[in-house]
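Colleague: Got a structure for you, questions after.
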């Protein structure tokens, strides 16, 4: 148990202080100084307890006490210190030497507490809105995850129906539903790479056959031109007796062209599927072309014939002019 209050003693006066009591207390403290509050009632003859004398001096009678309204700076200090220290008014008053702890306590209970409540009530709608938005965002995250799970479930069911179920449907379902997936592209590329060598071989074979066909067509056209030229100039050979190529030479040329045509037809008809045989046939064809006579003789003969024809035309036209 604590010590009983001194004011409960018999003959101790309670209530407000009178001006006479204030004058006696102030005069005593000016002579002896503030301290040893237990001896003050007995030395001054005041019917007050020591605690009442101390509080009367510190809260009302001591010099330097500031009265009046609190400044905004003092209000901020009181609010900050009250949040840190709580309701320890004496400790708060030590940071405000011109204000007493009693004045600070009274001002807190009558003014500052109400201001803080109003400020909190004004901020409560914003805080409530922030809390609702946070809850809404939290609720938004849940359906998204649920939607993602539903999507994965649908993907897995789709794979099971198609016979492509796997142990991880969440990882494989987007790949299965995607149209141009990497697997399909790789399969297409594999098929293309497998068929590409054959296609290239066929293209090379077609190009070689086209080149040979073009050579045959040029040879045939040249042979036809030679035949027509022989037929045209054969009467002139009989009449005029000009210097033309003999029939034996034309027959040899035509036989060479026919042999060349027959050789190309046989090579085109008997093209092997194997690349080694094809290369061997090409080599044999190349060697045979080396042994055959060149076409420069035919070209030279055609050029000579065209020149002779031009001279005859000029001779025929000269008597006209």
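Even glycines carry a Cβ here, placed using N, Cα and C.
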Colleague: Which one of 234-262, 263-291 shows up in Swiss-Prot as region 'Disordered'?
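Modeller: Of the candidate stretches, Swiss-Prot labels 263-291 as region 'Disordered'.
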Colleague: Looking at the candidate ranges 65-88, 89-112, report the one that Swiss-Prot labels DNA-binding region.
Modeller: 89-112
Colleague: What range among 37-61, 137-161 does Swiss-Prot describe as DNA-binding region?
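Modeller: Of 37-61, 137-161, Swiss-Prot gives DNA-binding region for 37-61.
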Colleague: Looking at 176-195, 196-215, which stretch does Swiss-Prot describe as region 'Disordered'?
Modeller: 196-215
Colleague: Express the predicted model's confidence over the domain 'HTH myb-type 1' (9-65) as a mean pLDDT, rounded to an integer.
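Modeller: For the domain 'HTH myb-type 1' (9-65), the model's average pLDDT rounds to 90.
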Colleague: Counting Cβ atoms within 10 Å across all protein chains shown, which of the modified residues 49, 53 comes out on top?
Modeller: 53
